[in-house]
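Colleague: Below are the structure tokens for one structure; questions will follow.
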Amino acid sequence: MDEFNTESYNTVCLVSSTIGILGSIYQIFPHGTSKHHDRFQNLTSTRGRHIIIWLAVADLLASFGVLVRSSLWLQYKSIMPLPDDETSVLFCSISSAWTQYFYTATWFWTLFYAIDTLRTIKGRDPYPVLYHSIAWGVPAATTGIGLSILYIPNATCHNLKTVTSAFFRILPNYFATYLPIAMVMIVNPILYVLAGREVEMTVALPLAQFTSKERRVVDALKLKFFLINAVFYVCWLPNLINGVMIWTMWFNMPVKIIISIWYIMALMNPMQALLNALVYRRWNTNGRKYDPIFSSIQKELHIHDEQSPLLGSEPPRLQLSPLPPNIYNYATM
């Protein structure tokens with residue numbers, strides 16, 4: 001910690017959290033012309049858009065927590081945790097609880113978006129009440145338990161005297177924080193691979209063919225799935241690396257590498273909000289916001305009967321394989 005420049009670190013946090021807040025606002029609120037506003041209102045009623053908005057809300061509140069913490073630390077350096085000073089740690093514990101809670105919520109909403117994408121393609125109903133219960137309830141439990149062990153019965157977790165006390169007080173909060181990240185990193189790519197295969201069937205079966213036109217549809221969707229996963233890895237893999245290095249090199253930490261990772265985390269964690277706004281939004285075609293990227297394929301495939309919110313358009317299905325009605329209301333692209 002003697003080599004750690006808290007002022008420059010908090011400056012990075014301040015900038016990245018501001019950008020994250022702007023990205024969240026862009027994702028949540030309507031923008032553009034009144035025509036786009038009307039189309040936005042239609043999108044907000046869809047199940048995919050519902051999850052995206054709550055993901056952005058959680059991102060917004062988490063970035064706001066980082067912004068407030070960094071601003072106060074830069075302005076009032078006396079509130080930084082000091083040895084044998086429980087009062088200064090009170091602010092640290094509150095800000096930690098706030099940011100950890102809402103970031104954990106973003107991880108669960110990211111997971112539920114992938115789950116609901118696959119369920120929609122399969123024509124299965126959503127579980128919005130269950131999504132909300134888990135996305136807000138589980139983070140409350142993990143954050144509460146992890147930080148309670150860390151700060152109770154005294155808040156001097158930064159001044160522990162023995163390795164055993166560090167192990168029992170700090171390690172549980174690491175598990176509460178990093179296990180959800182690892183879960184999303186493992187589960188989401190699997191879900192999106194399955195979703196991509198389902199889309200191939202959805203596109204190919206109606207016309208009993210899989211030409212370059214259908215391939216373009218599937219490839220574009222798979223690209224979006226890949227970018228969603230890539231954003232999550234870029235934003236949160238540094239945290240996992242940090243946790244592994246700290247607990248495997250406890251007595252011989254590579255200080256400069258650890259601090260460098262902290263700066264990457266300070267930059268990329270709040271940036272998740274902006275990057276999510278780019279990969280989750282409906283992609284453009286010819287500069288028209290909220291238009292699916294596949295609309296240009298519609299005329300080529302001579303599709304007029306049914307609209308798929310995932311693909312932008314869907315050809316008439318064979319009678320033996322009806323298109324699930326729920327997919328109509330899933331505007332994700």
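Yeah, the Cβs are placed from backbone N, Cα and C, and that goes for glycine too.
Among the features that TrEMBL reports, transmembrane segment is placed at 12-29, 50-68, 88-113, 134-154, 174-195, 225-251, 257-280. Residues annotated as domain 'G-protein coupled receptors family 1 profile' in TrEMBL: 23-280.
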Colleague: Using a Cβ-Cβ cut-off of under 8 Å, list the residues of the same chain that are 6+ residues beyond the ends of the transmembrane segment (12-29) and lie near it.
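Modeller: That would be 52-53, 56-57, 59-60, 62-64, 66-67, 69-71, 74, 263, 266-278, 280-281.
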Colleague: Which range out of 50-68, 134-154, 174-195, 225-251 gives the transmembrane segment (257-280) the most CB pairs under 8 Å?
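Modeller: Highest pair count goes to 225-251.
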Colleague: Do any residues of this chain, six or more beyond the ends of the transmembrane segment (50-68), have a C-beta under 8 angstroms from a C-beta of it, and if so which?
Modeller: 13-14, 16-18, 20-21, 23-25, 27-28, 44, 95, 98-99, 102-103, 105-106, 109-110, 112-113, 116, 128, 131-132, 135, 269-270, 272-273, 276-277, 280-281, 332
Colleague: Counting only residues 6+ away from its ends, which parts of the chain sit with a Cβ under 8 Å from the transmembrane segment (88-113)?
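Modeller: For the transmembrane segment (88-113), the sequence-distant neighbours (Cβ-Cβ under 8 Å, at least 6 residues beyond its ends) are 48, 51-52, 54-55, 58-59, 61-62, 65-66, 68-69, 72, 78-82, 131, 134-136, 138-140, 142-144, 146-147, 150-151, 155-158, 177, 180-181, 183-184, 187-188, 228, 232, 236, 269, 272, 280.
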Colleague: Against which stretches of its own chain does the transmembrane segment (134-154) lie, if we need a Cβ under 8 Å and a gap of at least six residues from its ends?
Modeller: 54, 58, 86, 89, 93, 96-97, 100-102, 104-105, 108-109, 112, 168-170, 172-173, 175-177, 180
